[in-house]
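Only one structure is covered here, and it is reproduced in the block below.
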Amino acid sequence: MAANGAECEQPQKRLGPKDKQNGSSTDSSLRERKQLDREERLSLVLWKRPFITLQYFFLETVITLKEWTWKLWQRRGVVFLTVVLFSLFSLAYSIEGAHQEYVQHLEKKFLWCAYWVGLGILSSVGLGTGLHTFLLYLGPHIASVTLAAYECGSVNFPEPPYPAQIVCPEDEALQESISLWTIMSKVRLEACMWGAGTAIGELPPYFMARAARMSGADPDDEDYEEFEEMLEHSQSAQDFASRAKLAVQNMVQKVGFFGILACASIPNPLFDLAGITCGHFLIPFWTFFGATLIGKAIIKMHIQKLFVIITFSKHIVEQMVSLIGVIPGVGASLQKPFREYLEAQRTKLHNPAGDGAAAGESWLSWVFEKVVLVMVCYFILSIINSMAQSYAKRLQQKKYSEEKTK
């Protein structure tokens, strides 16, 4: 019987390597197929395949709206409470009385905070575009406040028109000594709201990775697939990018709260990996979000804010304009429009709203407006392309599931 048992075991041992080879070849062919499908999806852009891209975009929009509607219906209690609170606020807003002053103040602050939180979320999520709203909106706002503070000798700009337009206060008694702390305090609210928005924008990778790990399902996300491949080949990583990603992953995994805080407190293009890592290793939500919020909305924002304020301080700006004139050949021609722009801004600061608007215009402001317009248009195009590619991925996933059931 022992001999018979040995004879029965021998065929099973011979089949093992073949099964592994078949499995590896199947995995290899599946990986190649997914790579081809990924390349096909990435080719789905407006400037290459406009009609099919727009069609997929509208279909994905309909599906997304249906999903959001279903999620809102599942949380209809919260939705109902929100509607009631909004109705009460609308009622208080429409009824005349002494409370109108407080209601309008609350409305103004809420819209101002929501504006910067929204820009922060756009900067963090970006939908694959890298739209950095700090460079487009918050940075220029801080720079404008800094230049105005040194020119006016005060940060008590009249409201309105501030923050839509900065005008120096007419009362000379309001002038004060300008310091870094004074300017930082003036722009602290919008800077912290923008930082909070960037922290909120880091939540989708965390929730996606956490849900995939807890369910054990195959994740429907390319970044997460790359993360798992990186973990599998962590010992053989040679290039700098892979080692940097592994360093971030190890810091977050081993150090925990303070590792996440360190990664969030400095400009870090790999922080998306920190969110995926925290979700994959089931780090508690408040540990991840608390460290991210403190790092981005407080520590990192004060570093960035301080850098912009120092860069646009009055003496630094004057030195930079003087250095432009030193450039051989074109220095004088480049220096002239910068001086005209700064002089126009100074003139505008001492005029009431609507006066001398034409004097403040120059080719520098025109170029900046066009750059912002181009980047916003590219952002919108990227949203369309991204949603069309998401719908194409739905079709491919449906095809895979149908093949498995056969």
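Cβ coordinates are placed from backbone N, Cα and C, and glycine is handled just like the others.
These numbers come from a predicted model, not from an experiment.
The feature region 'Disordered' is assigned by TrEMBL to 1-34.
If you look up TrEMBL, you'll see 10-21 marked as compositional bias 'Basic and acidic residues'.
Taken from TrEMBL, the feature transmembrane segment covers 77-95 (among others). Remote same-chain residues near the transmembrane segment (77-95) are listed as 103, 107 (criterion: CB distance under 8 Å, separation of at least six residues from the stretch ends).
Positions annotated as transmembrane segment by TrEMBL: 115-138 (among others).
Counting residues 6+ beyond its ends, the transmembrane segment (251-267) has Cβ neighbours under 8 Å at 199, 274, 277-278, 281, 283, 287-288, 290-292, 294-296, 299-300, 303-304 in the same chain. Residues annotated as transmembrane segment in TrEMBL: 251-267 (among others).
Residues or ranges marked as transmembrane segment in TrEMBL: 273-294 (among others).
Within the chain carrying the transmembrane segment (306-327), a Cβ under 8 angstroms from the stretch's Cβ atoms is held by residues 139, 142-143, 146-147, 150-151, 180, 183-184, 334-335, 338-339, 342, all 6 or more beyond its ends. The feature transmembrane segment is assigned by TrEMBL to 306-327 (among others).
Taking Cβ pairs closer than 8 Å, the transmembrane segment (371-392) reaches residues 40-42, 44-46, 52-57, 59-61, 63-64, 122, 127-129, 131, 136 in its own chain, all 6 or more past its ends. If you look up TrEMBL, you'll see 371-392 (among others) marked as transmembrane segment.
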